[in-house]
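Quick notes on the structure that follows.
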């Protein structure tokens, strides 16, 4: 089975490595991946698997299954340029909300791909741990459970992949946890203690579920791997880009400086603004996201965090 992974960032390379254990994988990226792929391919070859091959777009389109790991803010443009077949079997691994149109990932994708051919990856995982072959459990959300299981069966021995429906719940959980993760980084950076952190995360989970329920997301999704699992991982680890953004803000660094030092995309920054705008439009109560949006715009970090804890 040949799988094409679109996106050469850390997440795309990690997924290429994961799927490479059982399948032939082609990766498509504008950047030269020769050096980043060397160590991954050495590990795959040692397992008796085929190495990942970087190819151009046209060669990638010949694959049977597609995995997309493109930043959400560029996803619509990518679909427009890639011209995937309408019935392509697609697993989208991007998490976030499009700021320009305030659109969920599934809303973007269905403009280009048959909804029955779409799957969405969710759950707690870090690229750095996947490329080490460390175990994790993920969820593949899709209205087409047969397709979700097809993707699940292609995952490596160290990943337990579950097939579930509730696309909207899974993608909102995956986007919203990045917002709470920034707040978690601020909390730890200010050394507010374990009690404050527990309050923040538990109320963050409630807020995430409230927002998701408005759009039809199921409570069990937010209490499972896609929601609580991903939230607790992302909001507690230095491996999380969004958590590191929070740590930087806690040092009173301007957001622009924090992002420059990060050198990578932290989807939670733009997702925060998108969530606040959507919440305002529909009258959804989102105190943590709303306070974080003010912090990102320059509000004092101590004042913002104190207000956040009191309000949440």
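Residue numbering: from 1, along the chain as shown.
Cβ coordinates are placed from backbone N, Cα and C, and glycine is handled just like the others.
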Can you pick which of 95, 154, 197 Swiss-Prot lists for the same sn-glycerol 3-phosphate site as 123, 125, 177, 230, 240, 241, 242?
95
Suppose a student reads Swiss-Prot and sees 11, 30, 31, 95, 241, 265, 267 listed for NADPH. Which of 63, 127, 213, 293 should they find annotated at that same site?
127
Site diameter for NADPH, Å, by largest Cα distance between 11, 30, 31, 95, 127, 241, 265, 267:
22
In sequence order, which same-chain residues at least six apart have a C-beta under 8 angstroms from residue 31 (NADPH binding site)?
8
Count the other Cβ atoms sitting within 10 Å of the Cβ of residue 240 (sn-glycerol 3-phosphate binding site), across every protein chain shown.
23
Roughly how many Å separate the Cα of residue 241 (NADPH binding site) from that of residue 177 (active site, proton acceptor), to the nearest whole number?
12
Taking the residues 95, 123, 125, 177, 230, 240, 241, 242 listed for sn-glycerol 3-phosphate, what is the greatest CA to CA distance in Å, to the nearest whole number?
16
